[in-house]
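Notes for the one structure printed next.
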Amino acid sequence: MIKKFSNMDYNQKRERCGQYIEALEEERRKIHVFQRELPLCLDLVTQAIEACKRELPEMTTENMYGQPECSEQTTGECGPVLEQFLTIKDSSTSNEEEDEEFDDEHGNHDPDNDSEDKNTKSDWLKSVQLWNQPDHPLLPKEERLQQETMTRDESMRKDPMVNGGEGRKREAEKDGGGGRKQRRCWSSQLHRRFLNALQHLGGPHVATPKQIREFMKVDGLTNDEVKSHLQKYRLHTRRPRQTVPNNGNSQTQHFVVVGGLWVPQSDYSTGKTTGGATTSSTTTTTGIYGTMAAPPPPQWPSHSNYRPSIIVDEGSGSHSEGVVVRCSSPAMSSSTRNHYVKNN
């Protein structure tokens, strides 16, 4: 009967040890993926597997010779070691805390005993803390980032808005400049206030953007916006006006072409007079290009300076019965230069 019970205990212990080995091998396969991050854990698991495998042949030999110490050895080394290795860290720490509290209450806290207990622990049990690290080692960093974002949002909510415009500017800066600032739309009312400020400050070429902004007193209006609008206004006033108001009717300014250049009609009408005669030009109006100057009439020479040369050719021979008069005046056509005068 005793041998039968010993065989049953041996089989159960061997089966249990085999289950421990399988569980440890499965854990080693899981850790092998992270062997660079967890080299010590992998080493500990392999050492435990090798220790269990060494225990199996010893158990068989001891069982053959009928030594009962094998059960004590297995339960003393293989079983508790593996159980302690696979247990969760929280349970072990909780037990230690309970023991410490019990010692503190009863005043049995002995530093010598504590040092002895620490020395009796094996090295791999001391380093088992690496195995029970949290699954998310970066979790504290993530929590810290979340706390920073929450505090930043709270500070943004608590930040008061001063004069409206500065608050909007502060919000735009906090957004990180991802979106461009919306351009200001100058309404007619805002432009009238701008013109009123220019009138009081001495005109667009005297007033500065800062003075204009302070005079207008508009929330959210910046110096850059006033400066941009002032530059556009100066360019607009510098351009020549196309329409001149005349009793409520707009009259288009006329231009004439003189020598390939566009000249206003007012400047062209006050031209110089040459040779005592005033040059006048008649203009013809077109619907698209305005007025254009007609070519000036040819200037005729005065009678005092003009002396036409007349050449008289008398006919010779029996066939010529008249006199040919030739005029060399450039104003006469070729058909009227030669006149035949018959002899009476």
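All residue numbers here begin at 1 and follow the chain in the order shown.
Glycine is no exception: its Cβ is also placed from the backbone N, Cα and C atoms.
The region 'Disordered' annotation in Swiss-Prot covers 88-184 (among others).
If you look up Swiss-Prot, you'll see 95-104 marked as compositional bias 'Acidic residues'.
For 105-124 (among others), the entry in Swiss-Prot reads compositional bias 'Basic and acidic residues'.
For 138-178 (among others), the entry in Swiss-Prot reads compositional bias 'Basic and acidic residues'.
Per Swiss-Prot, domain 'HTH myb-type' is recorded for 178-238. Here the domain 'HTH myb-type' (178-238) has a mean pLDDT of 84 out of 100.
Marked as DNA-binding region by Swiss-Prot on the basis of sequence analysis: 209-234. When the DNA-binding region (209-234) is classified with DSSP, helix, strand and coil residues number 20 helix, 0 strand, 6 coil.
Among the features that Swiss-Prot reports, compositional bias 'Low complexity' is placed at 269-291.
Positions annotated as region 'Disordered' by Swiss-Prot: 269-322 (among others).
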